[in-house]
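Single-structure report; data block below.
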Amino acid sequence: MLKKKLSLEDEDDDRSYNLRSSRSNAKSKPRSSAGTATNPRASKRARLSGASATQEDSSLVDKIRLSFEDFDEALSGFKVSSGYERSKNTDLWVDKYRPRTLEELSVHKKKVDEVKLWFQESLDFLKNGLRNNVLLVTGQAGVGKSATIHLITSILGVTVHEWNAPIPTIWQEHVHNTSSGLKYTSKLDEFENFVESTRKYGVMASSSTDGIKAPVVLLIDDLPLANGRHAFERLQNCLLLLVKSTQIPTVILITDHNNADSSDQTARRMEDTQSSLERAGALKVAFNPITKNSIKKVLQRICREEHCKVTTMEIDQMATASGGDIRHAITSLQLFSVKPELNHTKIKSPRPGMEDNYHGNEQTMYSGLDSGISSCFGRDETLSLFHALGKFLHNKRETDNVIISECSSSLVHDEFARLPLKMDAPEKVLSQAHGQAGRVVDFLHENVLDFVSDGAIEDAWCVSSYLADADLLLADIRGKMSGHNNTEDVPQSAGASVAVRGVLYGNKQPCSSRWHVIRKPKLWQVEQSSIQTKKNLREQRNISYEGSRVADISVMATEYSPVLKWLSYRASPDAFPGMGEETDEEDSDISEDDEIQDW
């Protein structure tokens, strides 16, 4: 007992122990010879129970040391799968096989030449007087925007100063900084400070061994996230200021949103930002998605270098599932090569009801590959808003034989029976298209009559009835910003579902398949005009009454505005030369209408 107490006191005094040495000492200790099948958790409980009488600090030390012992015991029984034949190199293939020459770039040669020509002209603008210092490169993710810029600058010997986005602040760090008295600075604020310092002081050019300063290019690859209209206006003003005042060649990379998200406010605001930068003098070069054949060539080259056991059909399916994103395709290939036996098992198992013709039908094999690869490593299936609208408006259905076999035992009247649709459930299509309820209904209102046969008056009446019901469900969001108009709310989801299913159900005699142009809803123009008119009335009310709310907008529009216009005309008739004549013409028109009504 005395020895045990002395040993515990020694452990108490030794506060500066090394956890790594404790771990290695724990490994070197021999196992107990009491039995060959000793339970490690039982021994852990025994050791902990033996140390329960010690002081609190010694107990914590023992727990940490014993946790390392258990971790070592778990690692001793871990074995690497024999099916994993890859090397121990953990480098990402995206970085390992990045292009090092212009020939290795998968970007279209015309786009590369445009970027290279801009660099050559902007670097010697002092000779030819060019002042186009900003290049705007757009395109979806993984089309080689940054790779092209870095490769061309390295070939031309240009030093790239890149804007490095700050590390995001987690909530615990924010709480700690707030308690310490540090003020939180958003990423947008830091970007504005960076642009301001770049405008004022520029960037330092590095000198070569010969003492000649290398040309400098500023690269902005990761714009801060702007959430909301006010934040977007700040970001847009900051970029416009940079375009108008920068003295060094500047490249701004903007990643376009997917077409499936085209109905989002963020996508439209980014398009407005790009247009404003072009008007300010920036040169825009839009990168297209990488072609399927180019992606397949890159994947085949990587397979030869890495000795991957991937078939040509699998490479073709990966290239198709990438959607023009070469970075996504290379990452999918690397993930696919980690456990090839599991991936092949998933791919070779056809869907139910397809066993008979799976091996004989190549299209079925591709669908099996799609279900295997896309579910594991591919993107979630998405649709553009116009693709979804095309499915709803064209209303393609199966043949007559299907309805007889499936609905022969049902009690549905022939008048209400419909053929099965050649698509998924309408709600699933809406979710894949990220369609906002109000926008979907507006598009259907504007374009549905073009897809109804000329003599199908009852179909047009039925479709209009369902669309009216959808308008009733969506009445609360009319006139609001579309950022609050989403399909997550129950009334909006119900309204979108009623509108879509009403169009599909009511149009029994759709027009034959031909080219149709989807028109933009005219209602949007009316709403924008209404919003602008209300804004002008608010400004006029604030100016006239010094900000005091003396009248509602409707009262301003119906009473005060006509009176103010009439008073302005009485005060200075020359300012409104045609007002009196227009009034006389209006009176004559009204009198003629009255005569027609009396007759």
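Glycine is treated like the rest: Cβ placed from N, Cα and C.
Using a 10 Å radius centred on the Cβ of Gly144 (ATP binding site) and all shown protein chains, the other Cβ atoms total 24. If you look up Swiss-Prot, you'll see Gly139, Gln140, Ala141, Gly142, Val143, Gly144, Lys145, Ser146 marked as ATP binding site.
Swiss-Prot lists 18-41 with the feature compositional bias 'Polar residues'.
Annotation source Swiss-Prot lists compositional bias 'Acidic residues' at 581-599.
If you look up Swiss-Prot, you'll see 1-54 (among others) marked as region 'Disordered'.
Per Swiss-Prot, the feature region 'Disordered' maps to 575-599 (among others).
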Gly139, Gln140, Ala141, Gly142, Val143, Gly144, Lys145, Ser146 excluded, remaining Cβ within 8 Å of their centroid (ATP): Thr255, Phe287, Asp325, Arg327
Other CB atoms, at most 10 A from the CB of Ser146 (ATP binding site): 17
